[in-house]
Amino acid sequence: MSSPAQPAVPAPLADLKIQHTKIFINNEWHNSVSGKKFPVLNPATEEVICHVEEGDKADVDKAVKAARQAFQIGSPWRTMDASERGRLLNKLADLMERDRLLLATMEALNGGKVFANAYLSDLGGCIKALKYCAGWADKIHGQTIPSDGDIFTYTRREPIGVCGQIIPWNFPMLMFIWKIGPALSCGNTVVVKPAEQTPLTALHLASLIKEAGFPPGVVNIVPGYGPTAGAAISSHMDVDKVAFTGSTQVGKLIKEAAGKSNLKRVTLELGGKSPCIVFADADLDIAVEFAHHGVFYHQGQCCVAASRIFVEESVYDEFVKRSVERAKKYVLGNPLTPGINQGPQIDKEQHDKILDLIESGKKEGAKLECGGGRWGNKGFFVQPTVFSNVTDEMRIAKEEIFGPVQQIMKFKSVDDVIKRANNTTYGLAAGLFTKDLDKAITVSSALQAGVVWVNCYMMLSAQCPFGGFKMSGNGRELGEHGLYEYTELKTVAMKISQKNS
């Protein structure tokens, strides 16, 4: 049975007008308490798109108060039927479909994402995830338990309460939906901080949340900076849970703040340095293509990027040759322009960090096969770059680059490559390519990663749990397990006169 056909990709909006730049609390738009605003840039041109209200601790306090009020016993949200929560999530998905062109244009303009990818993959993923979570709303339930004695025992899965959610800049809209979808499905209220680089789609979604009919205070959105607004959420004594997607360094700060405040629940989806292993018996055409997309998709700005390619020595030279040919086919430019398949990095800081790591690869003895520098004289563009003869101790083999840079390493044996693949503090994802079923099962079970793709890469769906081992994070998003991250499990034991089996 074939998958449903993808919708045709229209032209992006030529006259996009930014309507929403304020803080969203209680289904109303607010100026920041401080009166401050911050600029939002187009990374392809380095020009200012607009200025957005800059929330900080005072605004977070207002948002948390609204979220707490909406979560009170007897509130419209707490007394709403679970099936009605599902209906609201489905309505939000329908509104996103209606505004698909606008949202995709905005994501390309503000986030540097190739428009077709934003329209098909990001919006498609958002809508599917919302509908998946909507379907779960009235199916999250406890169990009855046959306890000893004349006791009737059952469990309840209850919403945690007020959830702080801190969104990254690489997939701003998709991560927004991954966060609010399960939280709202389970009956929580949320305070969301979008990344300061990419707040625009979140603020447009706020207007859709109100239009869909969610009660005031259920979703609140406070744009601002991590050290101010993000820190205020993480350390807030009346936030019951914080969920964060971003760097491992910031994840540590959030977990520390949660521990030092009210020991709020924490889920973290953090960095990675994911191995992708190509065995000699693999279909090389498939392996080259998936490995290529695994590291170059969205300019390499993916937490699961296949940033350590291990290739068995007998096919190494051919794999490198084909990978270089593939990388050279990229057309760079404004991501809103048809035919462009690589846009800019998100900002100057990331752009310069990538170029610094590329220089380290050259200095440490890796062979630069193509790329290796800035592209153009305007915008934060980096040439698609491929390194061969990379060794495990090089910085480019150890550090998360988050850019369009492919490292290709050589291996001799299964035992050798498993040991090297696992020799990292990260454990988010891994891939392997082989036609040998025994090898596929053996290696996938040995790899220390939250998701392992076999003969494919970066295949995510709303039904499947996603998250990391080791310093790539705690907890899971998506799937049934992702919903349970937003519930507390309560046991109720009731004395009765007589128990009957």
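Using N, Cα and C of the backbone, Cβ positions are placed for all residues, glycine too.
Quick look at what Swiss-Prot lists:
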BINDING   167-170, 193-196, 226-227, 246-247, 269-271, 349-353, 400-402  NAD(+) binding site
SITE      Asn170  site 'Transition state stabilizer'
ACT_SITE  Cys303  active site, nucleophile
REGION    336-501  region 'Mediates interaction with PRMT3'
MOD_RES   Ser413  phosphoserine
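Projection of Swiss-Prot feature records onto the structure.
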residue	record	DSSP (3 states)
Ile167	NAD(+) binding site	coil
Ala195	NAD(+) binding site	coil
Pro227	NAD(+) binding site	helix
Glu269	NAD(+) binding site	strand
Cys303	active site, nucleophile	coil
Glu349	NAD(+) binding site	helix
Ile401	NAD(+) binding site	coil
Ser413	phosphoserine	coil
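Looking only at the region 'Mediates interaction with PRMT3' (336-501), the predicted model's pLDDT averages out at 98. Counting only the Cα atoms, the space from Ser413 (phosphoserine) to Ile167 (NAD(+) binding site) is about 40 angstrom. Other C-beta atoms found within 10 angstroms of the C-beta of Ala195 (NAD(+) binding site) number 25, with every protein chain shown included.
Between the alpha carbons (Cα) of Pro227 (NAD(+) binding site) and the residue listed as 'active site, nucleophile' lies a span of roughly 21 Å. The separation of Cys303 (active site, nucleophile) from Glu349 (NAD(+) binding site), Cα to Cα, is 17 Å. On a Cα basis, the residue listed as 'active site, nucleophile' lies 15 Å away from Ala195 (NAD(+) binding site). There are 11 other Cβ atoms within 10 Å of the Cβ belonging to Pro227 (NAD(+) binding site). The distance from the Cα of Glu269 (NAD(+) binding site) to the Cα of the residue listed as 'active site, nucleophile' comes to 9 Å.
Counting only residues at least six positions away in the same chain, the Cβ atoms of Gly111, His298, Gln301, Cys302, Cys303, Ile346, Phe402 sit under 8 Å from the Cβ of Asn170 (NAD(+) binding site). A sphere of 10 angstroms centred on the C-beta of Asp352 (NAD(+) binding site) encloses 14 other C-beta atoms. Ranked by how many other Cβ atoms sit within 10 Å of their Cβ, the binding-site residues Glu269, Glu349 place Glu349 at the bottom. The recorded positions listed here are Ile167, Cys303, Ile401, Ser413; among them, Ile167 has the most other Cβ atoms within 10 Å of its own Cβ.
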